[in-house]
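*Asks:* In case it helps, TrEMBL gives these features for our protein:
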SIGNAL    1-24  signal peptide
REGION    179-210  region 'Disordered'
COMPBIAS  179-196  compositional bias 'Basic and acidic residues'
DOMAIN    226-261  domain 'EF-hand'
REGION    339-362  region 'Disordered'
COMPBIAS  351-362  compositional bias 'Basic and acidic residues'
Amino acid sequence: MFWSKAYCHFAAAFILSLWFYVEAVPISVDKTEDTGLHYDRYLREVIDFLEKDQHFREKLHNTDMEDIKQGKLAKELDFVGHNVRTKLDELKRQEVNRLRMLIKAKQDVEGGNDINHQALLKQFEYMNHMNPHTFEVEDLDKLIKSATSDLENYDKERHEEFKRYEMMKEHERKEHLKNLDEEHRKEEQQHYEELKKKHADHPKINHPGSQDQLKEVWKEADGLDPNEFDPKTFFKLHDTNGDNYLDEQELEALFTKELEKMYSPNREEDDMTEMEEERLRMREHVMNEVDTNRDRLVSLEEFLVSTNKKEFVEPESWETLEQAPSYTDEDMKMFEEQLAQEESSINQKNAELHQQKEELERQQELLDSQKAKLQQMEQLP
């Protein structure tokens, strides 16, 4: 495989797959990785077949990232081999059939009366669904642009999901307290405060990407003398796929030692979902500081430049999640209002269903009564 950044979990997987083919050495792509997109399999298969066309690969050498984003590379689809085009047509037809099955399943679940088909199809803007039979230039253009946009928003969506998770956890805790008597409520609140205190009682957290943080990895994970720390050697050790870049997953692996100071799956006070949010925050911070060309990768040159900055040696203290809550009081208020509205809507729906059930039962009783009378009449001489 020649696609050095294909199938990555985060931003611009498809674009980076194309772009870094130009400079990266051939490596094997881990097929178990997932972009997180609902059309991940389709994206993977399209990439696999495009890379088999020699003309298409050669065009990559003369196409920069902006041109790819603007759709110039997509136009080269007209020149790929017939066998590749035939396979792409087949892949598209399979994907269209999958989408139709999804819409049909949604219709079955929701009754099929009020389904907004246009709204549903809008989710599938990574292809031209008006032409369900052949894979055209427009399909590749849509796939590139959709994957780029969707994956660049992936971190933002993860933050929003975590925010909702935290608010729901707090909401459920408060609801639980409401259902307790005064004595047990005080006990639960005291236990909660003790857990918070225990979680906050951890060793100092090094600033992500700082000299102290990397030296600790150098010592604890790599088993090397911290007094002999060498940035270039460190980079080579942690560029696990050998492509001369630290991608987002390789960066996140560097923070494991810091996270283990704060989180353990065996401690009641530690939440592993919060640990993953902390990992994401650390990675984003280092990317913002080091990734100067904003390609979501850290080159050796960018890494070495960052190690010569004052902030690398004398960083500010790192603000952890418990010091930087993911939501405000106003956010919580709006969230609970939304929950109340959803609960009211559900209750109303339940009441309507209950009425419908009673009406059906009444009608059934009436039918049974009429049936019994007819049977009696039939038995008369």
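Cβ coordinates come from backbone N, Cα and C, glycine included.
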*Asks:* Within the domain 'EF-hand' (226-261), what mean pLDDT does the predicted structure show?
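*Replies:* Averaging the confidence scores along the domain 'EF-hand' (226-261) gives 94.
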*Asks:* Can you tell me how the residues of the compositional bias 'Basic and acidic residues' (351-362) break down into helix, strand and coil by DSSP?
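*Replies:* Summed over the compositional bias 'Basic and acidic residues' (351-362), the classes give 12 helix, 0 strand, 0 coil.
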